[in-house]
Amino acid sequence: MGPSSCLLLILIPLLQLINPGSTQCSLDSVMDKKIKDVLNSLEYSPSPISKKLSCASVKSQGRPSSCPAGMAVTGCACGYGCGSWDVQLETTCHCQCSVVDWTTARCCHLT
């Protein structure tokens, strides 16, 4: 085998290494551009009308505690460690334990 054959055998693997690398690089750049274009088209645009969440706690003696008009229950707490409660008509917390000394309703509305 002559020197030109040896040189050819050395150059072929080197050319294969160079060519796929540049192809992969251009494929990566094309994919990056496509991903950026899609993300830019999905950009979040907030509504010009902004709302504020206002909340208050209403504590009552006994088992029920109701929110003021226009507010809705978002959570309840019951005295004597009672962890069993339900919301009635979206505006009233009702503790389900037989003995409860107080009930608190967390009431919120959007302004």
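Each Cβ is built from the backbone N, Cα and C atoms, and glycine gets one as well.
What you are looking at is a predicted structure, and each value in this text was computed from that prediction instead of being measured.
When the candidates CYS67, CYS78, CYS82, CYS93 are compared with Swiss-Prot, only one is recorded as disulfide-bonded to CYS76, and it is CYS93. Each of CYS82, CYS107, CYS108 is a candidate, yet Swiss-Prot gives the disulfide link of CYS97 to CYS82.
The disulfide entry in Swiss-Prot for CYS78 points, among CYS67, CYS95, to CYS95. Disulfide annotation in Swiss-Prot: CYS108 is bonded to CYS55, selected among CYS25, CYS55. When Cα-Cα distances from CYS107 (disulfide bond) are compared across the disulfide-bonded residues CYS78, CYS82, CYS93, CYS95, CYS97, the shortest belongs to CYS93. Cβ-based neighbour count (10 Å, all protein chains) for CYS76 (disulfide bond) stands at 20. Taking the Cβ of CYS67 (disulfide bond) as reference, residues of its chain lying under 8 Å away and at least six apart in sequence are, in sequence order, VAL58, VAL73, THR91, THR92, ALA105, CYS107. Annotated pair CYS95 (disulfide bond) and CYS108 (disulfide bond), C-alpha to C-alpha distance, rounded: 19 Å.
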